[in-house]
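Have a look at this one.
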Amino acid sequence: MNIMRTTMLLAFMTALFMGVGYLVGGGSGMVVALFIAGGLNFFSYWNSDKIVLRMYGAREVDEHSSPVYYRIVTKLAQRASLPQPKVYIINNAQPNAFATGRDPQNAAVAASTGLLKQLSAEEISGVMAHELAHIEHRDTLTMTLTATIAGAISMLGNFALLMGMGRQRNSSGNSQGAGMLGTVIALFVAPFAAMLVQMAISRTREYAADRRGAEICGNPLWLASALSKISGGGQTFYNEEAEHNPATAHMFIVNPLRGEGADSLFSTHPATENRIAALHKQAEKMAKEGNKGTKFAVENGLYRKHGNLEDEDLNPEAQNGFTHNQKKKTVRRGKDRPTWLRH
């Protein structure tokens, strides 16, 4: 159902783009618009991941420079039967993360320093599992294409304004009125409709990634707890890169822009409380079906809190990924974690 809906929305956006092209240049304008869309999507297909990672100043890490974070991603990718993605860290205090790449073989995940500092290993696992679900569903490609087409529609709308003004000087009567109507549609209606479609696709894919991510990590409550912590990040911490490039907001697990409100037509993401409620329902279902880890979490008020990854992955002096104090705390409680997450 999600695949069919996404396909229909993408087809609508392409038709909308061609329609704006027709308003600008008639039949030939529609054909040109189709070729432009194809060219932009071709470029985005091959280069969007590099552009976004460079835009946010992402730094690639490995098992030596960021051992625990990298190991979590590796283990989750194995559990999901996905190729090992490239792993990045963004130097930003706002807790957030995103995935990018044209397919599972050329994918990358990125987490902010704020997320690694503020979340526990379990919560980070939930977040990374969500991002891997996006990769598995090829949402990274879908959202890149929708963002590209939406941007192109806005660009054509501005061009239509200039064309419309020129035509009005050389026409009168009904033709002038028709030209004005076409300009209004191209400049305001089409970009607005494209924005709504882009946001609808984004919201649909977030719910699906939450469900699948919970299955990958094995405990929906890890992701629910992470979302609860991250949700206030857009208000508490300023994400300068995201504010300057709002077209990338849909990529993040939670909207990085300030002022994000209710679950509405104008939201890039579903309301966080709705996502958390859905994850709690999924946890209850998994517990009833015999998932021991989830059953323990439900019966004991979510999960047993463990230390975050600040010392392991952000302190260059940490030995083998742990400081002395962090190692003591992790070893003492490590037996409560699932085998794949024990350090």
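Each residue, glycine too, has its Cβ placed from N, Cα and C.
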According to Swiss-Prot, HIS130, HIS134 bind Zn(2+); which one of GLU60, GLU63, GLU122, GLU206 is listed for that same site?
GLU206
In the structure shown, with every protein chain counted, which of the recorded positions GLU131, GLU206 has the densest set of Cβ atoms within 10 angstroms of its Cβ?
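Comparing the recorded positions GLU131, GLU206, the most crowded Cβ belongs to GLU131.
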What other residues of the same chain, not counting HIS130, HIS134, GLU206, have a CB atom within 8 A of the CB centroid of the Zn(2+) site?
ALA99, GLU131, ALA133, ASP139, ARG205, ALA208, ALA209, ASP210, GLY213, ILE253
If you count Cβ atoms within 10 Å of the Cβ of HIS134 (Zn(2+) binding site), leaving out that atom itself, what do you get?
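27, counting other Cβ atoms within 10 Å of HIS134 (Zn(2+) binding site).
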Let me check the 10 A CB neighbour count of HIS130 (Zn(2+) binding site). How many other CB atoms are there?
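That number is 28.
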